[in-house]
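The structure appears below as structure tokens.
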Amino acid sequence: MNTQIEYKLLDARLAEQLPAYATPGAAGLDLRACIDLPLEIAPGQTTLIPTGIAIHIADPGLAAIILPRSGLGHKHGIVLGNLVGLIDSDYQGQLMVSCWNRGSVAYAVQPLERIAQLVIVPVVQAQFRQVDEFEASDRGVAGFGSTGRG
């Protein structure tokens with residue numbers, strides 16, 4: 001699928017490092033920390049980091065999600081403070097990344113370091129219909145852990 005999304009470059013340093021798919025099979029584009037100096041995130045601390053880019057998806061059938069980079073989370077404990085960022089199709093502001101240090105050691109984010117990834121996803125705005133009872137299903141109301149392990 002080839003979908004065009006408008007973007008604004010808010011930090012000239014990104015001109016040579018625009019978000020791009022690294023491989024033909026890549027789902028996400030890397031977002032960078034557009035900061036001037038290293039930014040230390042202490043254990044347990046959350047900070048909001050600008051990416052230097054704004055997007056306008058425009059198509060109400062699409063949205064974007066911001067996800068953590070697996071290496072930062074696994075090696076350094078740096079994940080998203082809001083776990084997943086949701087960017088609606090009508091949002092036009094700068095993309096910001098909430099970084100949370102869930103680790104036990106401070107981590108210094110470097111200027112233009114890749115800190116998160118952006119994935120474009122389809123959206124369905126479902127119509128809801130109130131009912132008194134649901135049609136029976138195999139699972140019913142069985143909740144957390146009800147399907148077992150393995």
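Here the Cβ of each residue, glycine as well, is placed from N, Cα and C on the backbone.
Residues or ranges marked as substrate binding site in Swiss-Prot: Arg69, Ser70, Gly71, Asn82, Leu86, Ile87, Asp88, Met96.
In this structure, the binding-site residues Leu86, Ile87, Met96 were compared by how many other Cβ atoms lie within 10 Å of their Cβ, and the smallest count belongs to Leu86.
Considering other CB atoms within 10 Å as the measure, the emptiest surroundings among the binding-site residues Ser70, Asn82 are those of Ser70. The full span of the recorded substrate binding residues, Arg69, Ser70, Gly71, Asn82, Leu86, Ile87, Asp88, Met96, taken as their largest Cα to Cα distance, is 26 Å. Long-range Cβ proximity for Arg69 (substrate binding site), meaning a same-chain Cβ under 8 A and a gap of 6 or more residues, is found for Asp30, Arg114, Ile115, Ala116, Gln117. Annotation for Asp88 (substrate binding site): same-chain Cβ neighbours under 8 Å, separated by at least 6 residues, are Ile57, Ala63. Sequence-distant contacts of Gly71 (substrate binding site), defined by Cβ-Cβ distance under 8 angstroms and a gap of at least six in the same chain, do not exist. According to DSSP, Gly71 (substrate binding site) sits within a helical segment.
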